[in-house]
Amino acid sequence: MQPAQPDPPQEPTRPAEAAQAAPTGAARSVLDSYRRLFAIPHVPGLLFWSLFARVHIGGLPIAVTFLVAGWTGSYALSGLVAGGLTVGTALAGPIRGRMSDLRAKDRLLTSSALCYGAGLAVLALLPGALWWVALPLALATGLFLPPANQIARAIWPRVTSGPTRQTMYAAEATLQELLFIVGPLLAAAVVGLTNGRVGVAVMAVLSVVGALGFAWSLRRAGLAAPESPEAGTGAPAGPRRTLLLDPRILLILLMSMLMVAGLGGVDLTSVAWSRELGTPGYAGALMAVYAAGSAVGGLLAGTFPGRPRLARRAFAAAAGPLLLVPLLPPVFHLPSPWLITPVLFVAGLGIAPTIAAVTERVGEIAPAHRRGEAYGWLSSAITGGISVAAPLTGWLIDLGGAAAGAAGSAALAVAAALVAPALRHGAAGGPAAADPPAALDAPAVPGVPAVPDAGADAPTPPRSAVGDPPTGAPPPAEPTGRAE
């Protein structure tokens, strides 16, 4: 009987093999994060219908512009009517959000969808001779935009917690970036094949179907009822006090307005530069590349460990416009707009992660039973930022060319990033809003390891499916050294 032969020595892993395995591990981590998220009951349906209810928002201004321009031959009047819709939406955002906190969300979505759809239908059928009626009609219609945005963002803390919540907000921010590509393309295609009336009518149908579908998914998930005041604590904003009395709310609204104004100016700069090169048709492609970078950044951000670091993400987003300044005229003259697409893609990487971090932070600051109102104020701040970006960036482009427009955008984004450090977790002003245990817990997913929430939601004590930890249990220590 021969003695057992010892195993041959293991050959050390070569650097090339390790380099090949690293991307595979990173891709598996991304997939695992999103598999855990979409394994939570009702989350896929809630996310789909909440986005479907918003797909028309990006395309409606295009359809309205073609409709009114066909009546009057004036793009200025078209802009006034489209602006009326935007103003109505911004004015009513906090009110609709507050209503979603106080009333059944499914009924609110249904009633507002019917009013909003009726207003758009009347606008589509309006005789051209009565074009002036479109101005007050658009303003009134905007007041009834279904609050799908506010409701969706307010319910995510009720169905997710810890790392899964971060993935949820990142997924929503990423997909919403895609909506800003799909919506305008869809509206332009419908108008191109038919006319402005049909384009507005199609947008109306999409808005109604999306809102009704979202209302149905909320009922099915048991999330239509309003949150009780006892469900969480947070900012000192009681039923009779405005959330604007919380300085943290004011700071994050200011930051959001400045950031959106800065990043939104890049789109206008792309349009102006394309026209200057004599290739205006490339503007849409450049904007799509910028949005694609944002989508990829958001997809990756959903897998980052630990809390999102708002200041770091804000400065990363602000670096995007800065990268463009030395590549645009009069600083530098590229022979083709395609040469800037790699830089545009990189410049967009920080957008969706920053939006996701801002959205999550608003949900932490606001009391659980007033999150809808808080997100209504956030929507109004974003609308205000868009309104600031267009005239300011246009003036800078007229003054100093495309590079000046990008520099102005960068200045606004940097100003927003400078506000972000004041919004650190645990900053003065009170603790972040605490949530009850997630209403819908993810089942075990084969092949996907569970991720504990301890440390991810510090200083809030960890939660489990069976309830909160015993009273008096010390909170977990804030982990350190987390990298994004």
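Glycine too: its Cβ is placed from the backbone N, Cα and C atoms.
As annotated by TrEMBL, region 'Disordered' applies to 1-22 (among others).
The compositional bias 'Pro residues' annotation in TrEMBL covers 1-12.
If you look up TrEMBL, you'll see 13-22 (among others) marked as compositional bias 'Low complexity'.
The transmembrane segment annotation in TrEMBL covers 46-69 (among others). Same-chain residues lying 6+ beyond the ends of the transmembrane segment (46-69) with a Cβ under 8 Å from its Cβ atoms: 75, 77-79, 81-82, 85-86, 109, 120, 123-124, 131, 134, 138, 145-146, 148-149, 151-152, 155, 159, 168, 171-172, 175-176, 179-188, 190-191, 195-197, 199-200, 202-204, 206-207, 209-211, 213-214, 216-218, 221, 223.
Long-range contacts of the transmembrane segment (75-95) within its own chain (CB-CB distance under 8 A, at least 6 residues past either end) are made by residues 60-61, 64-69, 131, 134-145, 147, 150, 373, 376-377, 379-380, 383-384, 386-387. What TrEMBL records for 75-95 (among others) is transmembrane segment.
Residues or ranges marked as transmembrane segment by TrEMBL: 107-124 (among others). Long-range contacts of the transmembrane segment (107-124) within its own chain (CB-CB distance under 8 A, at least 6 residues past either end) are made by residues 53, 60, 64, 67, 96, 99-100, 134, 137-138, 140-141, 144-148, 151, 197-198, 200-201, 203-205, 207-208, 211-212, 214-215, 218, 224.
According to TrEMBL, the transmembrane segment annotation covers 198-218 (among others).
The transmembrane segment annotation in TrEMBL covers 249-269 (among others).
Residues 30, 33-34, 37, 166-168, 170-171, 173-174, 177-178, 180-181, 266-267, 270-271, 274-275, 308, 313, 337-338, 340-341, 344-353, 355-357, 484 of the same chain sit 6 or more residues outside the transmembrane segment (281-302) yet have a Cβ under 8 Å from a Cβ within it. The feature transmembrane segment is assigned by TrEMBL to 281-302 (among others).
The transmembrane segment annotation in TrEMBL covers 314-332 (among others).
Taking Cβ pairs closer than 8 Å, the transmembrane segment (338-362) reaches residues 153, 165-166, 169-170, 172-174, 176-177, 249, 252, 255-256, 259, 263, 266, 270, 282, 285-286, 289-302, 308-310, 313-314, 316-321, 323-324, 327-328, 371, 374-375, 378, 423, 484 in its own chain, all 6 or more past its ends. Residues annotated as transmembrane segment in TrEMBL: 338-362 (among others).
As annotated by TrEMBL, transmembrane segment applies to 374-397 (among others).
Annotated transmembrane segment per TrEMBL: 403-423 (among others), in sequence order. Below 8 angstroms of C-beta separation, residues 248, 251-252, 254-259, 261-266, 268-269, 272, 310-311, 314-315, 317-318, 320-322, 324-326, 328-332, 361, 388-389, 392-394, 396-397 of the same chain, each at least six residues beyond the ends of the transmembrane segment (403-423), sit close to that stretch.
Marked as region 'Disordered' by TrEMBL: 430-484 (among others).
What TrEMBL records for 430-458 (among others) is compositional bias 'Low complexity'.
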Within the same chain, the residues 6 or more beyond the ends of the transmembrane segment (314-332) and with Cβ under 8 Å of it are 255, 259, 262-263, 265-266, 269, 273, 276, 340, 343-344, 346-351, 353-354, 357, 400-403, 405-407, 409-410, 413-414, 416-417, 419-420
